[in-house]
Amino acid sequence: APECGERASGKRCPNGKCCSQWGYCGTTDNYCGQGCQSQCDYWRCGRDFGGRLCEEDMCCSKYGWCGYSDDHCEDGCQSQCD
């Protein structure tokens, strides 16, 4: 049964996870990408997203994406860079 969104009476996912077009919670592009119903910016951060910090202490890259790679945590990193 759907966990969130229209098919679940508008319920939101826990821990800021995205609600997919099919009503399931997750954090990958399948949930947060096209058709996402709510909390679709889970992987987004930084100045273009109201200064939002990443979940789980991930780094915020210069392009506003959350992750743990050197591309996220080094040159131009916006927050939680160490």
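From the backbone N, Cα and C atoms, a Cβ is placed for every residue, glycine too.
Annotated features, as they stand in Swiss-Prot:
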- Ser20, Trp22, Tyr24, Tyr31, Trp43, Ser61, Tyr63, Trp65, His72: carbohydrate binding site (BINDING)
- Cys4-Cys19: disulfide bond (DISULFID)
- Cys13-Cys25: disulfide bond (DISULFID)
- Cys18-Cys32: disulfide bond (DISULFID)
- Cys36-Cys40: disulfide bond (DISULFID)
- Cys45-Cys60: disulfide bond (DISULFID)
- Cys54-Cys66: disulfide bond (DISULFID)
- Cys59-Cys73: disulfide bond (DISULFID)
- Cys77-Cys81: disulfide bond (DISULFID)
- 1-42: domain 'Chitin-binding type-1 1' (DOMAIN)
- 43-82: domain 'Chitin-binding type-1 2' (DOMAIN)
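A map of Swiss-Prot features onto the structure.
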residue: Cys4; record: disulfide bond; DSSP class: coil
residue: Cys13; record: disulfide bond; DSSP class: coil
residue: Trp43; record: carbohydrate binding site; DSSP class: coil
residue: Cys54; record: disulfide bond; DSSP class: coil
residue: Cys59; record: disulfide bond; DSSP class: strand
residue: Cys66; record: disulfide bond; DSSP class: strand
residue: His72; record: carbohydrate binding site; DSSP class: helix
residue: Cys77; record: disulfide bond; DSSP class: coil
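Checked against His72 (carbohydrate binding site) by C-alpha proximity, the disulfide-bonded residues Cys4, Cys25, Cys36, Cys45, Cys66 yield Cys66 as the nearest. The Cβ of Cys4 (disulfide bond) has Lys11, Arg12, Cys13, Cys19, Gly23, Tyr24, Cys25, Gln37, Ser38 as same-chain neighbours under 8 Å, each 6 or more residues away in sequence. Cα proximity to Cys45 (disulfide bond) (within 10 Å) is found for the following disulfide-bonded residues from Cys32, Cys36, Cys54: Cys54. Inclusion criterion for the binding-site residues Ser20, Trp43, Tyr63: a C-alpha placed within 10 angstroms of the C-alpha of Cys77 (disulfide bond); this criterion is met by Tyr63. Farthest C-alpha pair in the carbohydrate-binding residues Ser20, Trp22, Tyr24, Tyr31, Trp43, Ser61, Tyr63, Trp65, His72: 30 Å apart. In terms of Cα distance, the recorded positions that sit within 10 Å of Cys54 (disulfide bond) are Trp43, Cys60, chosen from Cys18, Cys32, Trp43, Cys60, Tyr63, Cys73.
A Cβ distance under 8 Å defines the sequence-distant neighbours of the domain 'Chitin-binding type-1 1' (1-42), meaning residues of its chain 6+ beyond its ends; these are 49, 52, 55, 66.
If you draw a 10 Å sphere around the CB of Trp43 (carbohydrate binding site), it holds 18 other CB atoms from the protein chains shown.
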